[in-house]
Amino acid sequence: IGVLGSGDFARSLAIRLVCSGFKVVVGSRNPKRKAGLFPSAAEVTFQAEAVKKTDVIFVAVFREHYSTLCDLADVLAGKILVDVSNNTEINHHKESNAEYLASLFPACTVVKGFNVVSAWTLQSGARDGNKQVLICSNNQEAKRTVAEIAQVMGFTPVDMGCMSSACEIENIPLRLLPAWKIPIFLALGLFLCFFTYNLVRQVIHPYIREQKNKFYKIPIEVVNTTLPCVAYVMLSLVYLPGVLAACSQLYYGTKYRRFPDWLDQWLQHRKQIGLLSFFCAALHAVYSLCLPMRRSHRYQLIETAVKQAVEKKMNVWVEEEVWRMEIYISVGIIALGLLSLLAITSLPSIANSLNWREFSFIQSTLGFIALVISTLHTLTYGWSRAFDENQYKFYLPPTYTLTLLVPCTVILAKVIFNLPCIQQRLLRIRRGWEKGRYVKFVLPSATGEYSSGETSSNV
């Protein structure tokens with residue numbers, strides 16, 4: 001196998017090819033200076049010599065340096081060139097790098113591949129990175145040859161079709177978390193809304209009404225009040241689209257009607273929304289553990305102790321508050337544990353070890369239980385304070401009462417869907433039954449002959 005280039009990717013590629021049992025010849029413009037960078041089993045020589053000795057050549061140079069290989073056009077004729085390059089921007093050029101390379105060397109067969117595999121993955125092996133190698137070319141035999149090389153190297157070749165797919169393949173490594181864009185903006189939007197709401201209630205209200213400076217609460221206390229709200233609502237948004245999809249199927253009486261685009265996109269982003277919910281819940285747990293470490297908290301404890309000493313209060317134990325906090329913390333720990341389980345099983349390496357029933361049980365059943373327990377966590381936090389008029393600052397209800405709206409709607413809908421009459425109908429629809437569909441039947445007539453007819457499946 002030939003490798004043209006002496007950069008990081010070319011070096012990693014040569015190492016992986018040598019470890020896979022291939023004889024590697026590296027072509028460089030300065031072979032003496034670059035020889036020490038490659039494994040001793042690889043032969044490092046001039047580009048022309050490397051091309052003469054090999055039939056499959058990996059072109060590991062940048063697009064702007066393709067023209068430097070034009071002097072080798074005669075030697076390259078009939079060879080298979082594997083273009084592994086990427087661009088710096090999506091759709092930076094009108095044509096893909098592979099198509100441009102093919103235009104420079106029309107006597108060669110160009111295959112696009114290995115550009116979605118990082119240099120780290122090549123050096124550490126396919127076990128520690130993405131195993132897929134996307135391949136495209138107009139020549140089936142050349143694609144088959146490169147696919148066999150990828151398999152020997154421990155990767156999984158994926159045929160992406162003809163050379164026109166090269167542009168799409170080259171854009172893949174440049175996309176920054178495409179599936180996370182909408183969930184991240186959703187989480188940020190919720191965070192800003194709840195943060196502003198809590199800021200008004202916890203900082204602005206006492207500053208205006210009581211002339212108390214409580215701006216010190218912004219970095220930790222206000223943020224810690226906001227994070228659980230975002231986590232709780234995001235968790236409910238994981239299961240709300242399933243409820244809407246079930247309502248659509250029940251209303252139309254079929255599973256074959258396409259969902260609206262917004263609902264379809266929502267269903268596809270549930271995994272990312274759930275992971276962001278876990279992230280906010282984990283931050284909430286860390287922030288809560290740090291609350292007693294604040295200097296302001298210590299001052300408040302001392303101030304409270306002095307007031308109790310002045311008032312000669314020997315016992316300040318409140319049984320109801322003790323039980324409320326014990327239940328609140330215990331339920332919160334259980335909810336965080338279930339969210340951790342959901343997050344771990346959503347990872348591909350863990351999900352691939354589970355069958356569909358196990359994965360569905362964890363993500364659906366245990367996920368819904370996590371939502372219920374999170375609701376209990378929120379209710380025990382509020383307790384009876386929801387009915388205290390002092391909690392309605394600027395006539396605004398406490399934040400936790402607002403967060404209960406969507407989750408309680410989801411829980412109520414789930415309970416309704418589990419009623420036998422509705423559950424059976426929904427199960428029939430998801431097994432292919434359709435409202436208004438006609439089925440044929442035959443009945444014996446008075447003379448003993450059979451006559452055919454039609455009736456609705458509703459009957």
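Cβ from N, Cα, C; glycine included.
Automatic prediction, not curation, is the source of TrEMBL annotations.
If you look up TrEMBL, you'll see 1-87 marked as domain 'Pyrroline-5-carboxylate reductase catalytic N-terminal'.
Here TrEMBL flags 230-372 as domain 'Ferric oxidoreductase'.
Summarising the annotation, TrEMBL assigns transmembrane segment to 182-200 (among others).
Within the same chain, residues 186-187, 190-191, 194, 259, 263, 266-267, 270, 273-274, 276-281, 284, 339, 367-368, 370-371, 374, 378, 403, 406-407, 409-410, 413-414, 417, 422, 425-426, 429-430, 435 sit at least 6 positions outside the transmembrane segment (230-252) and bring their C-beta atoms closer than 8 Å to a C-beta of that stretch. The transmembrane segment feature in TrEMBL is assigned to 230-252 (among others).
Residues annotated as transmembrane segment in TrEMBL: 273-294 (among others).
Here the transmembrane segment (327-347) has Cβ contacts under 8 Å with residues 231, 235, 271, 274-275, 277-278, 281-282, 285, 354, 359, 362-363, 366-367, 369-370, 373-374, 376-377, 380-381 of the same chain, all six or more residues outside its ends. According to TrEMBL, the feature transmembrane segment maps to 327-347 (among others).
Annotation source TrEMBL lists transmembrane segment at 359-379 (among others).
According to TrEMBL, the transmembrane segment annotation covers 399-421 (among others). Tertiary neighbourhood of the transmembrane segment (399-421): same-chain residues 194, 197-198, 201, 225, 228-229, 232-233, 235-237, 239-240, 243, 246-247, 368, 371-372, 374-375, 378-379, 381-382, 386, selected by CB-CB distance under 8 Å and a gap of 6+ residues from either end.
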Could you break down the residues of the domain 'Pyrroline-5-carboxylate reductase catalytic N-terminal' (1-87) into DSSP helix, strand and coil, giving a count for each? 40 helix, 19 strand, 28 coil
Please work out the helix, strand and coil residue numbers for the domain 'Ferric oxidoreductase' (230-372) from the DSSP assignment. 119 helix, 0 strand, 24 coil
